[in-house]
Amino acid sequence: MASTTPITMEDLQKALEAQSRALRAELAAGASQPRRPRPPRQRDSSTSGDDSGRDSGGPRRRRGNRGRGQRKDWSRAPPPPEERQEGRSQTPAPKPSRAPPQQPQPPRMQTGRGGSAPRPELGPPTNPFQAAVARGLRPPLHDPDTEAPTEACVTSWLWSEGEGAVFYRVDLHFTNLGTPPLDEDGRWDPALMYNPCGPEPPAHVVRAYNQPAGDVRGVWGKGERTYAEQDFRVGGTRWHRLLRMPVRGLDGDSAPLPPHTTERIETRSARHPWRIRFGAPQAFLAGLLLAAVAVGTARAGLQPRVDMAAPPTPPQPPRAHGQHYGHHHHQLPFLGHDGHHGGTLRVGQHHRNASDVLPGHWLQGGWGCYNLSDWHQGTHVCHTKHMDFWCVEHDRPPPATPTPLTTAANSITAATPATAPAPCHAGLNDSCGGFLSGCGPMRLRHGADTRCGRLICGLSTTAQYPPTRFGCAMRWGLPPWELVVLTARPEDGWTCRGVPAHPGTRCPELVSPMGRATCSPASALWLATANALSLDHALAAFVLLVPWVLIFMVCRRACRRRGAAAALTAVVLQGYNPPAYGEEAFTYLCTAPGCATQTPVPVRLAGVRFESKIVDGGCFAPWDLEATGACICEIPTDVSCEGLGAWVPTAPCARIWNGTQRACTFWAVNAYSSGGYAQLASYFNPGGSYYKQYHPTACEVEPAFGHSDAACWGFPTDTVMSVFALASYVQHPHKTVRVKFHTETRTVWQLSVAGVSCDVTTEHPFCNTPHGQLEVQVPPDPGDMVEYIMNYTGNQQSRWGLGSPNCHGPDWASPVCQRHSPDCSRLVGATPERPRLRLVDADDPLLRTAPGPGEVWVTPVIGSQARKCGLHIRAGPYGHATVEMPEWIHAHTTSDPWHPPGPLGLKFKTVRPVTLPRALAPPRNVRVTGCYQCGTPALVEGLAPGGGNCHLTVNGEDVGAFPPGKFVTAALLNTPPPYQVSCGGESDRASARVIDPAAQSFTGVVYGTHTTAVSETRQTWAEWAAAHWWQLTLGAICALPLAGLLACCAKCLYYLRGAIAPR
């Protein structure tokens, strides 16, 4: 019998050499025995010549790529076209001699298909041709006259640490199907053992597969399959190789190895290698059963228990009877959920579900087509005093033709009949005609509705809140359990630690005049077990448990190292510490650096910084509209920067003169004489052509008759005065702007929690401290931003633009959408238009307005002494070049990149019970603005006192907890002023500006005006889909990445199967 000791690579080497010697002896002994004639066949140099007559086309021919689905069969090369036509084979080529070189090089060998081909010169075969050459030498082990056994393909695996979790699969014929050819030194060539029967792996995988390695790291077994694991390096890259070992002994004994039925999980192995059976059906079934019980317990097993010794439930207030319309109502497909309208209505003598009569919640919308009356009334929903009322518009004329009603979520626009609307009612004395409740004016939310003064006659039909229902929740399926309020009826009076309970409130115990409610695990254990066996809970348990069981199986199968199971068990069972929180505290922290609060440990905002990916957008020099000029009490003969050097600054004049699109104008005021000789007015007309003949100038020359020459005072009326103005767009030498784009911007809030530094972001809003866990409600990140670093005359400042520019829209000409140079030498945008110069008198009413775009106004100013005058220049907007100017950057950017809209919310969970400090002094300067009993929250603001958190109450109703300092919040008010506010101790009166709704019957929100354009209250699914198209679109968009994620996980598991269960 074969030994059960695992086979190593050294044993495999020795066994293959023994096989080669036995094969040579067998062939030598069979050479003397007569054999039947057979056609000649070209043989390998390493085999005997007695097998030269072997038939290559018989049934013993090897079959490559069986069952592997490969299109090309590289295990056999097709015969040449000459052989296919003539049916002959070539004469075998002479066997070349091989001299042992310094580096072992493969010799030329025969392919078994007629002719010879060179062996690969670069080591292992790396292409189909070299693989076919290597596969051409496979002499059989058994008698050639007998039929060969069925060939089998085995799978080995390779993976590299340099390529991540990429597993390469190599399918090849096992070594017992043929003996490798021997070299002249008597050793077999490992490169020729590579005999794939599946897809060809890449070249570097083939090299790694044929890399010799004598170290065996471990031997693994699965069933009757044995694998040897090795790790080695190829060119500096570490590879792992999992090789399939033979299932039969190589010493001739055909007895198989015993199956691996034992499983050893201790950390050390005494003698035998550690073997693991892959699979955990028992663990899966046991986990499935436990999860079914746990999920059933979590979902429906734990029922809240109410103390039956408490006082009975108080009676419900009486409800009046309203007029009943005997129409049949159909339940809408999207209504009937547990919410505000989950109760019942009493209309006349009939009880109806609220979902059959009332539409969705007044804040949620989502109602369809329904009608309670005939075609003479329209229907409404009025929300007042925190309740919804079913209202009817009276005395409405019937429509001529029914008009289809288009419904949409949160919409108040409805179809109107074809006839004219009803006339307005002027007063409130009109009768509602049989209705039992009062009337009041209708106030529509939609501002475009001009119908006024109509009456809304409300039925005495009140909406009852749904009954209070509780549920139980637990953390990680372990005690303690908490009571969860599913639906709450305010008149029941359930409170948690003195705070009224709302849907979603979690509390260990609730108290009300009815008694106490809590979750008792002992009383519901049997019910939990029974519910776990039901079909729905078992299905839920299966859905929730299967992913965790798969993760467990993957971890167990992937951790095949020695001692991995024991280590994993220690980590899972001993390294888990369930969180235990003592108390939870919530407060707010302002966003200014240095703000601090107490929750219950001191928390201070140390600073705020931004992190982003920066892309340099280059640098540019902005345009600058510059103008200069001079007022001269004579007419100059040389109108230029050189000729006017005594009156005009030389440097600005030269810069403007050399600018782009220059505008230069010379005016002569009252020009009658100059230089002692008289000149006519035509001397300057038209366009100064006569003047330019005698005086060189490049400017426009224009007379200025009618303008006052009082600037040159103290002279007779025949004196003259000239005004010279020059303007152009120039590149300012001391103005540069560098653009930087900030993407993936996120805000990092630097907090100090009891002296422990902590940074929170939107991705990680938690701080784990020795005192407990702090969860911060941080505002969203600002998004993409553009930074303009402006350097004006050495004074550098940064301006920030929020959002990405719309370069294909209105921002096409902005500096951020232009291409800039790194050296700040390029001007942005197109060349500006030419400025327009205009001479304006000092008393001209035009000066009361502003210059237009691209205009420059020039006004002479009387000097302080004779023959001295000045010039006042006013420049308007930049015109076409507006967006290229620094002023545009200032107008479209801000110095503060982003300021959060409100304070940071802090939720602190302590590791042990802590008594939180509470302020007892009343708040100061509390102002209440809004309305009460109108369904909309009112604004409450003021200053909280010091000494701890202020648990603010307004007329006994809890509003929230606030740290010392200014607070702003919103609250629903149920009582009229005056309002008493307190922090749990002494109270104070607050100033209030609220709307009194008592004078009107139906105030607040009146929405959903519906006419009787349909004959029944049914809504089709197509109408519902049209009303919720954006939700369906959002769901479809979310389904796309979800499908991609599932496909990625499936692909990952498909490739990971090689590491979990190689076959």
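Cβ from N, Cα, C; glycine included.
Per Swiss-Prot, the feature region 'Disordered' maps to 1-131.
The region 'Human C1QBP/SF2P32-binding' feature in Swiss-Prot is assigned to 30-69; the stated evidence is similarity to another entry.
The compositional bias 'Basic residues' annotation in Swiss-Prot covers 59-69.
Annotated compositional bias 'Basic and acidic residues' per Swiss-Prot: 70-87, in sequence order.
Per Swiss-Prot, the feature compositional bias 'Pro residues' maps to 93-107.
Per Swiss-Prot, disulfide bond is recorded for Cys153-Cys197 (among others), and the stated evidence type is similarity to another entry.
The feature topological domain 'Extracellular' is assigned by Swiss-Prot to 301-534 (among others), with sequence analysis given as support. Confidence over the topological domain 'Extracellular' (301-534), given as mean pLDDT on the 0 to 100 scale, stands at 47.
Annotation source Swiss-Prot lists N-linked glycosylation site at Asn353 (among others), citing sequence analysis.
The N-linked glycosylation site feature in Swiss-Prot is assigned to Asn371 (among others); the stated evidence is sequence analysis.
Feature annotation from Swiss-Prot assigns N-linked glycosylation site to Asn429 (among others); the stated evidence is sequence analysis.
Annotation comment: Swiss-Prot describes 556-582 as topological domain 'Cytoplasmic'.
According to Swiss-Prot, the feature topological domain 'Extracellular' maps to 583-1028 (among others), an assignment based on sequence analysis.
The annotation disulfide bond is assigned in Swiss-Prot to Cys590-Cys595 (among others). Long-range Cβ proximity for Cys595 (disulfide bond), meaning a same-chain Cβ under 8 A and a gap of 6 or more residues, is found for Leu589, Arg604, Leu605.
According to its DSSP assignment, Cys824 (disulfide bond) is coil. Other C-beta atoms found within 10 angstroms of the C-beta of Cys824 (disulfide bond) number 16, with every protein chain shown included. The disulfide bond feature in Swiss-Prot is assigned to Cys619-Cys824 (among others); the stated evidence is similarity to another entry.
According to Swiss-Prot, the feature disulfide bond maps to Cys641-Cys653 (among others). For Cys641 (disulfide bond), the same-chain residues that are 6 or more apart in sequence and have a Cβ closer than 8 Å to its Cβ are Val648, Thr650, Cys653, Ala654, Trp657, Leu726.
The N-linked glycosylation site feature in Swiss-Prot is assigned to Asn658 (among others). In sequence order, Val730 are the residues of the chain that are 6 or more apart from Asn658 (N-linked glycosylation site) and have a CB within less than 8 Å of its CB.
For the disulfide-bonded residues given as Cys931, Cys983, the lowest number of other CB atoms within 10 Å of the residue's CB is seen at Cys931. Of the disulfide-bonded residues Cys590, Cys619, Cys712, Cys767, Cys950, Cys950 has the largest number of other Cβ atoms within 10 Å of its own Cβ.
The candidate set comprises the disulfide-bonded residues Cys653, Cys817. Of these, Cys653 has the most other Cβ atoms within 10 Å.
The two recorded residues, Cys619 (disulfide bond) and Cys931 (disulfide bond), show a Cα separation of 55 Å.
Put simply, Cys983 (disulfide bond) is 20 Å from Cys590 (disulfide bond) when counted between their Cα atoms. Of Cys699, Cys931, Cys950, all annotated as disulfide-bonded residues, the residue with the shortest Cα distance to Cys817 (disulfide bond) is Cys699. Nearest neighbour of Cys758 (disulfide bond) by Cα distance, taken over the recorded positions Cys712, Asn791, Cys824, Cys950: Cys950. Residue pair Cys824 (disulfide bond) / Cys983 (disulfide bond) shows a Cα separation of 60 Å.
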